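Here the structure is laid out as structure tokens; the discussion comes afterwards.
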Amino acid sequence: MSTGSLPLGLPSRDSLDGLRNSVDLPLLAAAALLLGLGLIMVASASMDLGERYYGNTWHFFQRQVLFAAIGLALATVMWAIPLERWERAGPWLLILVMVLLIAVLLPGVGRTVNGATRWIPIGMFNLQVAEPVKLLVVMYLAGYIVRHYSALRLHLRGFVRPLVVLGFGTVLLLLQPDFGGAAIMLAIGMGMLFLAGAKLWQFAALGATIAVGMAFVAVAAPYRVARLTAFLDPWQDPFATGFQLTQSLIAIGSGGWFGTGLGNSVQKLFYLPEAHNDFLFAVFAEEFGFIGVLALIALFAVVVWRCVKIGLWAERAGHAFGSHLAFGVAIWLALQSALNLAVNMGLLPTKGMTLPFLSYGGSSLIVTLMAIGLVMRVYREAQIPAPRQSTPPRRKRGQA
């Protein structure tokens, strides 16, 4: 049957082929499911909170829908812009990173909440600078790796230069303080440099340096160590340092195999702080149970897997910059989602860290969707082989 004889409203084969060449359908489907699930869970976890503080049951849900719309619009923009423009803009992206991280610390510019200065007010919106910084760092490092590929693999200075940038950014994040954001940014950078071929002994030396620094902090400020290790036994002080974690564990344990059902969480009723934000996973586990948690993890796994696959396709097509972009986004989303789940389950210290796609918050949701749009652009360009390779193909470790 010819495409012209298709029933009205059905897409032609040519249009479907065009869609497959423009976007990665498995990634699109998984991201869309996570976004929809996030909107549902924000509504479920925040209804009572919105009614109490704003007189509007749907306050947080409505704002999250607005953030999602903005994020989807910006994701479309990221998808439409050729990667070559972002590659050329590398130095400007680095400047923007530093401007954001310094500006938020300036009196009268940054907004302080609960002792942390992490936000820049922009109208009705509060920009949490750590979120765009993650994406900008991925974009900058992808360009750096392409420009200095040989130096990164063969010379120490090629490894040290991006470390100086990451170190300076980490210090600025710690001054806010934002320990979670600093850890994520540093880990993204280390992961991208490792995949680019930096030598193992360099990472070993860096790890030893970090260990010495942590030991110094433990000796100089033991109270900080006590706060960080409170997660090891939250029941020792369940009404102070261990309160949030104990409530999270109660929520997760109450879910059982199949959960209490959507909207039936008890812990979200002002027992669990940040139930709609950093600890949304605990509410999800309570309402959907162990089976729901497995499904959620599977969706995140699909997103990360497709980002890695797209990175490999881009590498084979000779698009080195796009390849490192996709790998960087994969590292970022995998690490942040895993750390958020670990914090909710008491495997890591409690630190402010959102769950991508799900947690309430405009900065996180918008930037996450922009990152997906960027990876979709990598997929789109990977369909056409590059006229020349920007860098040699990655070699396996140990090869000359």
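The count begins at 1 with the first shown residue.
Glycine too: its Cβ is placed from the backbone N, Cα and C atoms.
Per Swiss-Prot, the features are as follows:
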TOPO_DOM  1-24  topological domain 'Cytoplasmic'
TOPO_DOM  46-63  topological domain 'Periplasmic'
TOPO_DOM  85-88  topological domain 'Cytoplasmic'
TOPO_DOM  110-118  topological domain 'Periplasmic'
TOPO_DOM  140-153  topological domain 'Cytoplasmic'
TOPO_DOM  221-278  topological domain 'Periplasmic'
TOPO_DOM  300-324  topological domain 'Cytoplasmic'
TOPO_DOM  346-354  topological domain 'Periplasmic'
TOPO_DOM  376-400  topological domain 'Cytoplasmic'
TRANSMEM  25-45  transmembrane segment
TRANSMEM  64-84  transmembrane segment
TRANSMEM  89-109  transmembrane segment
TRANSMEM  119-139  transmembrane segment
TRANSMEM  154-174  transmembrane segment
TRANSMEM  178-198  transmembrane segment
TRANSMEM  200-220  transmembrane segment
TRANSMEM  279-299  transmembrane segment
TRANSMEM  325-345  transmembrane segment
TRANSMEM  355-375  transmembrane segment
Sort out for me which stretch, of 64-84, 89-109, 154-174, 279-299, 325-345, has the most Cβ pairs below 8 angstroms to the transmembrane segment (355-375).
64-84
Same-chain residues at least 6 beyond the ends of the topological domain 'Periplasmic' (110-118) with CB under 8 Å of its CB atoms are 103-104, 126, 128-130, 176-178, 181, 352
Outside the transmembrane segment (325-345), at least 6 residues beyond either end, the same-chain residues with a Cβ under 8 Å of its Cβ set are 83, 86, 134, 138-139, 141-142, 180, 183-184, 187-188, 191-192, 195, 231, 248-249, 252, 278-279, 281-282, 285, 297, 300, 303-304, 307-308, 310-311, 314, 351, 353-356, 359, 368, 371-372, 374-375, 378
With a Cβ cut-off under 8 Å, give me the same-chain residues at least six positions beyond the ends of the topological domain 'Cytoplasmic' (300-324) that come close to it.
24, 26-27, 30-31, 34, 83-84, 86-87, 141-143, 145-146, 149, 192, 195-196, 330, 333-334, 337, 356, 372, 375, 377-379, 381-391, 393-394
Summarise the topological domain 'Cytoplasmic' (140-153) by DSSP state, stating how many residues are helix, strand and coil.
13 helix, 0 strand, 1 coil
Would you call the transmembrane segment (25-45) and the transmembrane segment (279-299) in contact, using three or more Cβ pairs under 8 Å, pairs 6 or more apart in sequence?
yes
Considering only the recorded stretches 64-84, 89-109, 119-139, state which has the highest number of Cβ pairs under 8 Å to the transmembrane segment (154-174).
89-109
Same-chain Cβ contacts of the transmembrane segment (64-84) under 8 Å, 6 or more residues past its ends?
23, 35, 38-39, 42-43, 319, 321-322, 325, 360-362, 365-374, 376-378, 380-381
Taking a Cβ cut-off under 8 Å, which residues six or more beyond the ends of the topological domain 'Cytoplasmic' (85-88) line up next to it in the same chain?
139, 142-143, 146, 321, 325, 374
